[in-house]
Amino acid sequence: MGLICVLLVITVSVHVTVDGVIANPLSNFVTVPNLGPTHPMDNPDWVPPTAPTKEKDREYWLTSGQARLRRQLELNEQNINVAKNVIIFLGDGLSIPTLAATRMYMGGEELELSFETFPHTGLAKTYCINYQVSDSACTAAAILTGVKNNYGTIGVSGHVPLRNCPLSLQESNRLTSILKYAQEDGRSTGIVTNTRITHATPAVAYAVSGARYWEDDTELPPGCVDIATQLVHGDIGTNLTVALGGGSRHFYPTGTLDRNGEPGRRTDGRNLVDEWINDAVARELRAQFVHDRTGLMAIQPELVDRLFGLFSGNHMSYRMLADAQREPSLQEMTIKALEILRRNDRGYVLLVEGGRIDHAHHDNLAKLALDETVELHRAVESAVRQLDESVQETLVLVTADHSHTFTIGGYPVRGNDILSTGDFSRFDRMPFFTLAYANGPSYADHFYENGGRRNPDDMRDRFHDPDFTYPAAVPYEDETHGGDDVAVFAKGPWAHIFSGLYEQHVIGHGLLFAACLGPDTFHQSDACRERLRGGTATPIRGLAQLLAMLMVIVYIRTKTLLLV
């Protein structure tokens, strides 16, 4: 007890300093009282911010609340049909703060992104089995295969440590993605991404690998097959209807250039694009390879059985910085994929990744991250509009693989520019940004080497530049992912099962259940049992009803003839 008292005395004493200024851990920022700017609220003439005029009236909130309640009741109706089609939109790094900040970036706190209007919303836990904070590989496994696994591994169980080739080859350790199940059921499959198509998220859809880094043969251990080769010759990859993205460098050999003039990286001398074309010809498929927006937009869906597009050597450009005449947008790639996939009467499964949200966050480039989220919003909006009459048999799910250390903080007034400063610190008497990161490479851009912040007022002419970095509290070579839960938005058949809080791998099981896919041992709905597997989508119940009607008609006609 005596020791505790001594500690308390010491603690109190270090908070007392001369001249009446309180000294605490931040006292180096407050050395001279009443010098320099003060917080606006400290001004006796300060006037509190005012709300939009209509929002001051209670009737506005009562009326809008009742309207939203009616909408919620209307959306409560459950669709329990088989999801003939499944579209999975995955915003890589699309954290909940990113969603909120994007609304403000688009023009208002009250706005909604296209998928935020979906009737059913849930939360998913994102950890890997061996890491509290996940990467895109283990989270994609959870979503696309229904199995959580180790950080950095592609399509293998938790028995395979990162970079272990021999264990990844064992059949018992290999996972099956929803695209494989869809192909076995006769449905078309597609992948659209604005990252390298061999990157972690899309790779899980079609490949099996001990490491996400084995995109080509340059680091590949003997005995394993690189991810790019699996896209062209793998069990799932060779049967993909559509594959669009970046990453051409992993398909071309060193010493050669792709069709956009970018160098290849393969050391085995193989040109996998030529191999894909030759394989399609040998199988008598109408196949097209495209390398730019012009080629993609010229595609006539009814004349193409297979479409492969590589639009950049590395990741595709951020949309804000892209040459729009050369690189197609995520929205354009998504629509073109749907135009081809929807020709299959059996149905389809499409994975669309908005992957550059994640990359912008990693570099503390908040504006680009928000702008990439807007691009995902547009892609979802266009896809839903494209569904037309198939909307009732198409499950659309939008989620993120993981979050980031991105935050929205301070007390900015309503309508404040989300990219600007929004509040003021009384400790160092400087404004601070509403957006910030817990860590990342931008630390030195905002803090002096000997401590203390750089004044954001000196940066005011750069706030809106795409390459402007936002503050990071801890210096780190690459801003990290966050470990918090991510949102899940769903509409269509069985969308209601994605409500609540659950482990991320439950998403994978929900997708298979809704689409009537997966092993026969998996739980199945009544509608699934009635669907004729491997044939048309005509339900057995409908056929039985037709036969029953015919029997009744025959019976009535027979009775009538006997009476006559």
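Cβ coordinates come from backbone N, Cα and C, glycine included.
Under the heading active site, phosphoserine intermediate, TrEMBL lists S136.
Counting every protein chain shown, the number of other Cβ atoms lying within 10 Å of the Cβ of T201 (Mg(2+) binding site) is 28. As annotated by TrEMBL, Mg(2+) binding site applies to D92, H199, T201.
Annotated Zn(2+) 2 binding site per TrEMBL: D92, D358, H362, D401, H402, H481, in sequence order.
Neighbour count (other Cβ atoms within 10 Å of the Cβ, all protein chains): 29 for E353 (Zn(2+) 1 binding site). Sequence annotations record features per position, and here TrEMBL assigns Zn(2+) 1 binding site to E353.
Summarising the annotation, TrEMBL assigns signal peptide to 1-23.
D401 (Zn(2+) 2 binding site) and D92 (Mg(2+) binding site) have their C-alpha atoms 6 Å apart, to the nearest angstrom. Note: D358 (Zn(2+) 2 binding site) has non-local neighbours D92, G93, S136, H404, i.e. same-chain residues 6+ apart with C-beta under 8 A of its own C-beta. Sequence-distant contacts of H481 (Zn(2+) 2 binding site), defined by Cβ-Cβ distance under 8 angstroms and a gap of at least six in the same chain, are G93, V133, S134, D135, H402, S403, H404, T405. H199 (Mg(2+) binding site): 28 other CB atoms within 10 A of its CB, across all protein chains. Shown are the binding-site residues H362, H402; the one with the most C-beta atoms within 10 angstroms of its own C-beta is H402. Geometry remark: T201 (Mg(2+) binding site) versus H362 (Zn(2+) 2 binding site), CA distance 16 Å.
Cα of H199 (Mg(2+) binding site) to Cα of E353 (Zn(2+) 1 binding site): a span of 11 Å.
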